[in-house]
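What follows is a short report on a single structure.
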Amino acid sequence: MKEKLCAAGSFTKMEMKVNEAISKSRIGKYFKLESRKSSFTKEFRAGTATFLTMAYIITVNASVLSDSGGTCSVSDCTFPANQTHATPDCVLNNEGYEKCVAKMKSDVIVATALASMIGSFAMGLLANLPLGLAPGMGPNAYLAYNLVGFHGSGKMSYQTVMAIFLVEGCAFLAIAVFGLRGRIARFIPQPVRLACAAGIGLFIAFVGLQAHQGVGLVGPDPSTLITLSACTSTNPVTGECTGGKMQSATFWLGSVGFIIMCYGLMKEIKGSMIYGILFVTLISWIRNTAVTVFPNTPSGNSSYEYFKKVVDFHKIESTAGALDFTHFNSGEVWIALVTLLYIDVLASTGTLYTMAEIGGFVNEDGEFEGEYTAYMVDAGSTIVASTLGVSPVATFVESSAGIREGGRTGITAIVVGFYFLLSLFFTPLIASVPPWAIGPSLVIVGVLMMKVVKDIDWNNIKHAVPAFVTMVLMPLTYSIANGIIGGIGVYIALSLYDNMVSWVKWLMRMKKMVVKEQNQVSATADQSIEVV
């Protein structure tokens, strides 16, 4: 026992020496470790926590974008020898087309990790902020299910949409360069700004409670839209519970991970969220159990064979440089461009500003250090992502997990970028982290982000209602942008009366001043006449 205590004490002393040496070095001074009351090991843990909570995007983004079929087309379909060409409906079920989609999905996995790495590195090195960047979940779904459509059933090609993303990124960068994005952030009313953090917290907690990216506690219901789930079997099409409600083994394993995280935070154990994620993940990697992420199915066996590779690198072949500007004379293209720009400006600006508030970077004037650079990095990363063939990159709300672990400098973001770099080679392991391991950490992050509601003036209806609308709309409409728009809209509507009264009072004052001036002029004229 004494030997263990001595070893722990020696490790702590060594950690303190390393932190002190780095803090006083050029690196420590550049990242302002001392002035921000942080240390290298704390930043490393924060970066690890952030990456583990956002690593799911590597596979989730690839799954969503591959639903569009990507760059694959009818020409990739195989057809019998007695046919001269493939029919258009071959994209629904064809071996050749599926092989093309599988290759495209591997391309997107690598492109997602690469774009996230570049964005996170840039955010850390240039803006010195502890924020991880990766392709967002909104624009990718808009691409896959609205613009390109399932397996190319939409009105645009994948290449055209990538060109739209590129132009949108350039416009976004111009807005950032001219300082308009920061002004937009400060234009958001204070109650809506405060509610953004809580709303985003509810949003990501809601994501963590669902099946695809979380523990599966809630699921769809035809009568009430959503209901208690955690079922042993669900409808593969609708996701509705078909049996064994609250009997899902993966849900209960995820719940144990959640309790581990809670106890760790209660006892102020550093890296508690990481320990919870690793605990659930390691147990889920054991085959032939009720909680395995590798079931005895064709897809499960395929995933396990991929997992056993441990190290694997895939070269991007189909998505990099897949840009087509030939259809920019279409009105639909410009509608999509404006829609994406408006979503990005509001959603990503609100997210970035909220993360800065959670980290305590925002001053009394509503500004924070590195703000101007951060906005440009955010926009520039979207340009890089589009050239690689993936959806726009933005600051991830999961960055709040790292901030909660103590991340306060760009070292956290660089650590996140380093992990994305490693994921280019360890994709089999990263892709095998189950959603029920990530879900609990998202719920915890949601809990921690709710504390800002105490700063909202709930006794003032003009502040309370817009704040409530902002918080409620984000999870219920599955959109951060909709919450911000709703909150601002209600705030403006509630401010109309006060503004109109102010305008009327101003007009009355102006009228009195004009009348007074006219009277003075008349009096002066009368005196001149009398003198004459």
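Here the Cβ of each residue, glycine as well, is placed from N, Cα and C on the backbone.
Features reported for this protein in TrEMBL:
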TRANSMEM  108-127  transmembrane segment
TRANSMEM  156-180  transmembrane segment
TRANSMEM  192-211  transmembrane segment
TRANSMEM  249-266  transmembrane segment
TRANSMEM  333-353  transmembrane segment
TRANSMEM  410-430  transmembrane segment
TRANSMEM  436-453  transmembrane segment
TRANSMEM  465-485  transmembrane segment
Interface-richest range of 108-127, 192-211, 249-266, 410-430, 436-453 toward the transmembrane segment (465-485), CB pairs under 8 Å: 192-211
Ranked first among 108-127, 192-211, 436-453 for CB pairs under 8 angstroms with the transmembrane segment (410-430): 108-127
Tertiary contacts of the transmembrane segment (108-127) (same chain, 6+ residues out, Cβ under 8 Å): 57-59, 61-62, 65-66, 70, 133-135, 313-316, 319-320, 370, 373-374, 377-378, 380-381, 384-385, 388-390, 393, 395, 409-414, 416-418, 420-421, 423-424, 427, 431
